Number of protein chains: 2
Amino acid sequence: MTLETLSVTRSFGGTVHVVRHDSRATGTPMTLSVFVPPQAESGAPCPVVWYLSGLTCTHANVTEKGEYRRACAELGLIFVAPDTSPRGESVPDDPAYDFGQGAGFYLDATEAPYDANYRMERYIVDELPEVVASAFPIDLARQAITGHSMGGHGALTLALRHPGRYRSVSAFAPIVAPSQVPWGEKALGAYLGPDRATWRRHDAVALIEDGARVPEILVDQGEADSFLARELRPELLEAACHGAGIALTLRMQPGYDHSYYFISTFMEDHLRWHATRLTA
Amino acid sequence: MTLETLSVTRSFGGTVHVVRHDSRATGTPMTLSVFVPPQAESGAPCPVVWYLSGLTCTHANVTEKGEYRRACAELGLIFVAPDTSPRGESVPDDPAYDFGQGAGFYLDATEAPYDANYRMERYIVDELPEVVASAFPIDLARQAITGHSMGGHGALTLALRHPGRYRSVSAFAPIVAPSQVPWGEKALGAYLGPDRATWRRHDAVALIEDGARVPEILVDQGEADSFLARELRPELLEAACHGAGIALTLRMQPGYDHSYYFISTFMEDHLRWHATRLTA
């Protein structure tokens with residue numbers, strides 16, 4: 001496995017690494033950022049937080065605007081931000097912002113022409129931990145996952161689909177029921193085909209309805225988020241968790257929108273919440 | 001005075017306003033961001049920190065990457081980030097990144113064709129406080145100034161040239177002696193003409209040598225900053241302050257570069273330093 005280092009930058013007493021590697025899951029080069037806190041510089045294994053970004057984003061958005069390094073440096077968390085899809089001239093794309101490159105939806109596509117590259121679930125769950133562990137001292141027994149919007153969908157569904165893999169899961173303004181909203185219907189239909197039964201395996205609310213479980217979930221959601229009623233619909237997650245006995249902490253935040261001004265405000269809360277569970 | 005609101009966004013319990021106005025100083029529209037902390041939402045006057053950005057930047061760079069809102073919300077500071085120059089098709093420009101638009105150097109140009117628009121000193125010192133006070137509850141008796149690189153030069157020279165205006169001044173990786181370094185020689189020569197005696201009035205080290213005083217200065221400087229030896233030269237400020245009895249706190253930070261990864265790391269320290277002096 002070869003990791004190409006694109007940049008190494010000192011920040012908050014730790015180091016931001018931007019690296020690239022050839023992914024066997026996606027068949028493309030994939031770029032990600034890894035924040036290594038001061039506690040890990042001696043090589044001591046540290047817990048890892050996987051942060052999955054939303055539509056149109058690369059690793060760079062949260063790396064520049066997420067304001068996570070101060071808390072990670074304090075708490076001793078390695079923070080990894082992967083890309084949201086395979087990219088490249090040979091990768092099928094779409095002119096819309098909400099489909100194709102930048103919109104992988106953290107699942108393995110089964111439909112042509114997407115099935116050759118859009119394998120983001122196996123990338124995030126299997127390959128990425130191996131890649132990061134080859135160069136950084138992450139403790140694979142202590143993994144947490146979080147994300148924003150489409151990445152919140154990714155965090156919730158991957159935690160539900162891989163029980164025991166992640167000690168804790170949270171999300172910022174997640175797409176909780178992609179089968180029931182326009183962003184999700186478009187993407188799941190194209191990546192997985194018309195059979196909606198297959199969609200349920202990549203839909204947090206449907207997974208819970210069908211028996212998947214995590215012990216608890218933290219979600220922050222801005223009340224002034226312009227996607228709230230149409231695409232996000234946290235009340236559906238609330239109902240599913242209530243029915244399943246999952247301890248959902250859903251915090252509706254008055255006045256907050258869908259941007260990194262919202263995410264950065266509550267990032268520290270999420271990191272502390274994960275750290276408590278990762279070090280228990 | 002008319003302020004056009006471009007966006008209003010909730011963040012850290014306060015609000016980020018991006019506004020535009022027609023400037024009489026520059027003869028152009030000028031865009032800036034204003035963070036209003038929760039303490040100011042009742043209209044109670046709050047101290048203000050002016051942040052002057054570096055070469056190539058607009059208000060957006062620090063607004064997105066500066067990580068200042070958490071501390072400002074805690075400390076009750078209004079944080080204002082103006083642009084670095086006049087902009088527009090009618091404004092003289094230069095293809096280089098270090099001159100013309102994005103590189104106003106916080107002085108009033110005297111040479112054609114720059115003298116018509118490049119009047120950033122009067123903009124920052126006179127017009128901007130008036131503009132911001134017309135819409136936000138800033139306490140003009142409690143102003144602090146800081147900045148990065150070219151903006152650090154701006155903060156230092158404006159504080160030295162306007163005694164009593166700013167209660168405190170700090171800088172991140174400032175250009176301390178533009179008369180003696182390539183960035184400054186190019187800009188001061190073009191904006192002020194060939195007489196180097198006029199340059200001394202816009203050069204922090206020369207101003208101090210010529211008798212200007214502030215009580216104290218805080219500077220953070222990364223030791224891995226690629227501009228350190230050629231453009232920044234903090235040892236010249238150290239010598240000038242030593243000779244003048246100015247209490248300079250110069251913190252050389254091992255491993256840090258010139259980027260917002262550096263600035264954001266030490267932003268909170270600067271804001272606490274200013275808050276202590278603004279509320280004394």
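Quick reminder: no glycine exception, Cβ is built from N, Cα and C everywhere.
Record features (TrEMBL):
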- B:S149: active site, charge relay system (ACT_SITE)
- B:D225: active site, charge relay system (ACT_SITE)
- B:H258: active site, charge relay system (ACT_SITE)
Across every protein chain in view, the count of C-beta atoms other than its own within 10 A of the C-beta of B:S149 (active site, charge relay system) is 25
Across every protein chain in view, the count of C-beta atoms other than its own within 10 A of the C-beta of B:H258 (active site, charge relay system) is 21
Students should find that the Cα atoms of B:S149 (active site, charge relay system) and B:D225 (active site, charge relay system) sit apart, in Å rounded to an integer, by 11
If you count the other CB atoms within 10 A of the CB of B:D225 (active site, charge relay system), including all protein chains displayed, you should get 21
One should report the C-alpha separation between B:H258 (active site, charge relay system) and B:D225 (active site, charge relay system), rounded to whole angstrom, as 5
